[in-house]
Ligand code: ADE
Ligand code: ZN
């Protein structure tokens, strides 16, 4: 089987995905028309053409601007449903995605608007597509910790709908140490913890996420490779890194895909996974990410299967469900 076919054929879990980053230009255009919003673009093509980024911040500026077209419950339903259809297309059977509440609450769109829309699509996907979804409530790190604490409070009615809390947005200058109190509070409420670290920020931020925020997974973490002691800790404790190759390329974390360190990290024994991050903005959903890696790094079938199995190992699924999918991957690979 050609590797592109195998990529499509294997059931996968996606663990690092921002739902707001799945907003395709077509839907942005449609929702802008619906709500009489004037976009700073002349066409759908012009929106897509604007997706050229220098770094994380230049992307985030467009990403927050784009999210402004999401105004009512049905907009959030449509956004989520469109992503879940992509999951079906790419054979993603389980997804753990980040929601950025502050992106919406700060413009007057509350939990009572976006949560029912998301939940309606998630319920439909479970029933009609057989896809399971967990949500991660992610705090925006460029805002004060007080704002994150208030957001956690505002989410109260929806605690049962979130499995974990996360930390995203502008990394440099906003270290994990800034969010120690809100992560401690979330942990005491029973949430699992994850955080973006080591995307643009130094290995020190990964250490802080592990030691101060007590996270179970690191989102990105590719700069961990600069610190051999940290690398040893990540291997020994099998702490997952949810890596996003196409995002790293588009945000100039790496100059060329051929220089990406994900397969080296994998071969060194780290529990790395492949994810899309913000697929609309970076031009690739999960299979597109695997295909780019294959083209640039000549990934072996063995490496591909390991990466896919890692996505279930690193997930928050119960053990019996993990085992079910891991066995299915073995079976699928053996019969290819
Ligand atoms: N929000 C959405 N995508 C992000 C990324 N790659 N890093 C930090 N914050 C984000
Ligand atoms: Zn991310």
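Count begins at 1; order follows the chain as displayed.
Here the Cβ of each residue, glycine as well, is placed from N, Cα and C on the backbone.
Quantities reported herein were computed from a predicted structural model and do not represent experimental measurements.
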Of the candidates 90, 277, 294, the one that TrEMBL places in the Zn(2+) site of 16, 18, 196:
277
Which site among 199, 277, 278 has the most other CB atoms no more than 10 Å from its CB, taking these as recorded positions?
277
Same chain, not part of 16, 18, 196, 277: whose C-beta falls within 8 angstroms of the C-beta centre of the Zn(2+) site? Give them in sequence order.
17, 21, 98, 168, 219, 220, 242, 244, 247, 275, 278
Just to be sure I understand the contacts, which recorded positions have a Cβ under 6 angstroms from any atom of ligand 2? Candidates are 199, 277, 278.
277
What count of other C-beta atoms do you get within 10 angstroms of the C-beta of residue 16 (Zn(2+) binding site), across all chains shown?
32
Given the model, what does the mean pLDDT over the domain 'Adenosine deaminase' (11-331) come out as?
98
